[in-house]
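Chemist: Pulled the feature table from TrEMBL, pasting it below:
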COMPBIAS  A:504-546  compositional bias 'Basic and acidic residues'
DOMAIN    A:371-449  domain 'BING4 C-terminal'
REGION    A:479-546  region 'Disordered'
REPEAT    A:289-330  repeat 'WD'
Amino acid sequence: MLVFGFWTTKICNTRSTQQNRNVLFCLKKDPFPGEAPIPQKQLQKFQRGKKCKVPAGARERLKEAIAISEAMSEHAQKQAARYDLLLPEDAGFLEGDEDEDTNTISQADIADAVDITSGSKYFNLHLSQFGPYRLDYSRTGRNLLVGGKKGHVACIDWQTKDLKCEMNVMETVNDVKWLHTEAMFAVAQKRWLYIYDSKGVELHCVKKFNDVLRMQFLPYHFLLATASATGFLQYLDVSIGKEVAAICTKMGRLDVMAQNPHNAVIHLGHPNGTVSLWSPNQKESLVKMLCHRGAVRSLAVDKTGTYMVTSGLDRKLKVYDIRAFKPLHSCFLPAGASCLSLSQRGLLSAATGEIVQVYQNVLGSNPVSKPYMAHRLRGQIWGLAYCPFEDVLGIGHGEGFTSMIVPGAGEPNFDALDTNPYRSHKQRQEWEVKALLEKVQPELIGLDPGQLSKVDQASFEQRHKEQIEALGFDPLAKDKFKPKTKKKGRSSAGAIEKRKRKVAHEDQRDEIRQSVQERTEREKELKEKSNEKKLGNKSTLDRFRK
Amino acid sequence: MAPDEEELSINEQAISASEDEEGSDDERKHKKLLEAIGSMGGRKRKKQNERSEASVQVSEYFVNAEGTGDKVNLSDLLGTVEKTSGASNKTKKQLRNLQSSKETLELPLNKQQTEKIQRGIAYEKTTAEVSCWKNIILQNQKAEQMVFPLNQESSGPKRVEQVVAGWKVQTPLEQEIFRLLHGSRQPVNDPVLTPVEEQSLKAMSLEEAKIRRAELQKARALQSYYEAKAKREKKIKSKKYHKVQNKAKRKDFLKQFDEMVKTNPEGALEELKKMELSRMEERMSLKHQNSGKWAKSKAIMAKYDDSARKAMQEQLQMNKDLTQKMVVPSDDEHESIEEGLETVPDFVNDPETVIDPVNPWMRGQLTHEEPEVSCVTAEEVQTAEEENEEEEIIGEFERKRKLRQADEEDLIPTEEEQPASEVVEEDVVEVSDKEEEDEDEEEDVSEFNTLFRLMRSEKTREGSNQTRGGLNTAGEEDEEGLLSEGQIRVRSIEDLEVLDEVVEPRAIEEPSAPQTAAAEATSEPPHKKKREINLKEVLTKEAKAVRLPFLPTVVDEEERDEQISIIKEAFAGDDVISDFIKDKSRQEAAGRPAVVDLTLPGWGEWGGVGLKPPRWKRKRFRIKTAPPPPRQDQKLPDVIISEKRTASVASHQVSQLPFPFQNTAQFESSIRTPIGSTWNTQTVVKNMTKPKVVTKLGAIIEPMVKEDFIKSKTTAAGGKGAAIMLGENRRAKEGTKRSAEKHRGRRSQKRKK
């Protein structure tokens, strides 16, 4: 009971404090009630598709379903727009003084002007011995892979200038490509495709892939797409080590290749001026477009999958809208572009002879006027690639490798869960597992990446036909009639044959029976009609008939 | 057939009686006769005797049924009632009322109809009953998430009002207090606790949590180490090792038992009982009786093989040991020692505890036969050797442990701010502790936790005994030091004990090392950077030298024309465009459905070479299919788009529109928002992918009862009210009371009417 007395007093105390608090609340008022408003522009950025309106006279369940889904998507959109605050980095560009073209500013000047770390991003590697270099940056932008024509392969952590491995494969190297992590890379050598680890140890020699000239890696599908001199486009699933598809393009030597990062479609350029689009699911090209009068020399597709830039032997540079397959604009380059590359922010770099030119605002309707930046090198340019998340353009040429500063090229905000340039060893392992779990199957590659979220409206017959094709037999087909075995000599061959004949063509017979019946009915009707007609020839005495 | 015969006899009697009466009329006779005959038929039909009222005509032979058809009126009966004085006025009045009313009761309905009506009523009732579930079911169907069991009480401490709400007064004192309370209108209602207070109540205090965490951590660590040790020891295959181990164990057990006898006689008794049990078991079984297969084989070998003989003897010895009856209270070897303790003076006891209990010679109790003695002596030597080895091993362990401890102690003084003397003293305490622990080490894992607690208590006790008051406070500090735990790597159980003393200073010391390491790490990169800059400087020098005006990038009109002409020349040979157009037309043609020609030349007419089927026939037998939908590249001359359907995606697509949706657009828009974490924030992903049904692990999910969703009703029907009612609850109850009163009032009014 004592205890009881105690808690009653306590209650009294709390009550008084609450009253005090209430008084405080009364005094203070929230000047900004409710949630913080989100600017319309940000909301627009995360709008996904059109809102669905509830049709008039819809059932209750439908109304609810639509309302719930709409509320959910709106909530998601709002939250995403809110979190957009967390991507504060912005890209800037090089701006010249009055009457000064930005393309006349030399790399050395830029390197001097910027801070030391950024300045160190402009450097040259003198590798004149092993011929023109191909290059590839890893997806995080930390590591650089260079492969010389004459067999020199090296991977470098280019920011710390830490040489990971260096070797000479003693064979012609056509192309080099990082696989999903910095731990592995593929080298297209004279005959076969080889896969090495980051220390330069040969992991695989894939003999199914021969005479590979160009490679592309599809990171979300774990597919290595290769284009060979024999005209084969092959897909290698690097997660399971299986060849997913091998397509004979029948287009001759394939030495121009690009991927569309939006829908993982491979673009190939051909000597007859066409560019063809491929997926591993179709033996023929998805789209074939005539782009140039001469052979296509180089290709590049932008990150959003909206624009494609091509350059051909006719010295033209063309920009296409590949959603509508329409050319936007084209221009002449004096020497024609041998290599093209698009940065994450849409800067186009074109290698014309020994000069690398960078163009701004190419993607869009306004035509190209003059380059944003330019840089002269020694020797033929063989490879061009922008470093992801950095304002750096890597150039592989006859005299080695040059890293060039291009302000405003890289995406300033990275998705740390997807590609984190600063990730640790453990994070990489974690990411690898997650990426493998989220691996997109190669069947889903197509022109429209949103195809999966659409209802398949094919007819039953069509689907049935496809099913038969896929399975190799008709799952709905009727079983063939099998007569029962009977005893006492009734299962003799003759008897079985008789029984079979009884059932044979049962379907056909049904049809015939039906058609006969219909015909007889029709005839009957006709007869009746004709009878009526006959009766129609009335004589004058017919009126006396009853 | 006994009753029938009786009947017959009765009838015969009747007949005979009628014959006696000569004057009676014939008709009646005849009738009787017929009846008699009818009854003779053997049927058991009993004719109901006619019952009639008293009438005017009274005959001695029969009763007259004259007034049977007439109805008796109420008035006939009432007349007499009116006159009788005994009947009460009330009944008279009622009867008079009845008389005045003209209404008659309706006939009861037949069975089918009544049943139908009953069914109808029952249906209505059940529908009413069931339909009250309708809302809740719909609600549950629509609910985005269901959490089972449905009425979960929140974990953690409850609010006082919640706890007390259901409590009823029982004792008169309580009743009095409550009367006072309610009389004085104590503010018992409204939220007694503010939400903040509630939260604070829910949360454990920080210190408490820390203590608990530390304790748990320690226990876990200890357990894991012990388990690891046990595992490792279990793995050891050496028989000798196990022998030594077992012996040591036994010895320890003996020691413990001795202590137990002194300190905890009840526990010792229990142990004794256990031993008795083991003895019984041994006596029951044939184990160690040298009667098994193995023993037989050994018996054959015993003649020639010394070791086999020894093994057999060991077995027998084991049996004897186990079956030895306890003298006075005990019999087992441990008991014998105990007995020795009690009977023999201490100086005799001392060496005996050390000596191998297996050796009967040394026990002062001769149980073996004479011939066995010779081999036993041989055994004795070996066991003595083993003993020595064992002791050596243990000694070595001790030395190693001490060394390790010393190492740690060396580390500690530099870190600790306590005077060195105290540390030394602590050391002493630890060593003594170690010995105790050693004894306990071999216990089972299951007993581990209790043991651990015991040891701790012992240690603290001893610490207080051996050290000064100052150290005592230090010990307390150590206890507190447990709370702020850092990362300490413990290598063994012994270390763990040390841990208790050392936790705090080490916890402080640990982080400092990584910091210095980090500082070193940060100091390194600048060197590298310097190198970079050097490299760059070298490279840029060259770049400066190659500053050239670039070629014009965009070409003038004239130049362009020129170039076009050049290109035309260059590509004069291969006509790219015409090739492409051909390709496209081929594709289009392939896409178009072919016309099926079923004409059979020569069928129904003249045939032969050079004869064409007539026009009507071609028209009749050529089947044209509907043209396909227009090609996607119809308006794009320089593009060929493949019209092939991609079947690979189709197998993953939705092929039938799901239920509530009326068209594909609605469905597609409903799934247009991705639910992956790549596109959404974490909260949204969680919200979107939350499970439809959540169940609590291990909780029983009871079927839903009405009370779950109709709470107000149940509270109203709560019967005897609780002593304490709080806030809304009370108000609700008052409301119900009021309403109940109203109801009663109405009812009474009705009655009045």
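Think of each number as a place in line: the chain as shown, counted from 1.
Any Cβ shown, glycine's included, is placed from N, Cα and C.
For each listed feature, how buried is it and what is near it?
Modeler: The residues of the compositional bias 'Basic and acidic residues' (A:504-546), classed with DSSP into helix (H, G, I), strand (E, B) and coil, number 36 helix, 0 strand, 7 coil.
Here the domain 'BING4 C-terminal' (A:371-449) has a mean pLDDT of 93 out of 100.
For the repeat 'WD' (A:289-330), residue counts in helix, strand and coil come to 0 helix, 25 strand, 17 coil, using DSSP.
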Chemist: Residue counts in helix (H, G, I), strand (E, B) and coil for the domain 'BING4 C-terminal' (A:371-449), per DSSP?
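Modeler: Helix, strand, coil within the domain 'BING4 C-terminal' (A:371-449): 16 helix, 22 strand, 41 coil.
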Chemist: Mind checking which residues reach the repeat 'WD' (A:289-330)? Cβ under 8 Å, same chain, six or more beyond either end.
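Modeler: Long-range Cβ neighbours of the repeat 'WD' (A:289-330): 256-263, 267-277, 336-342, 344, 346, 348, 350, 362-368.
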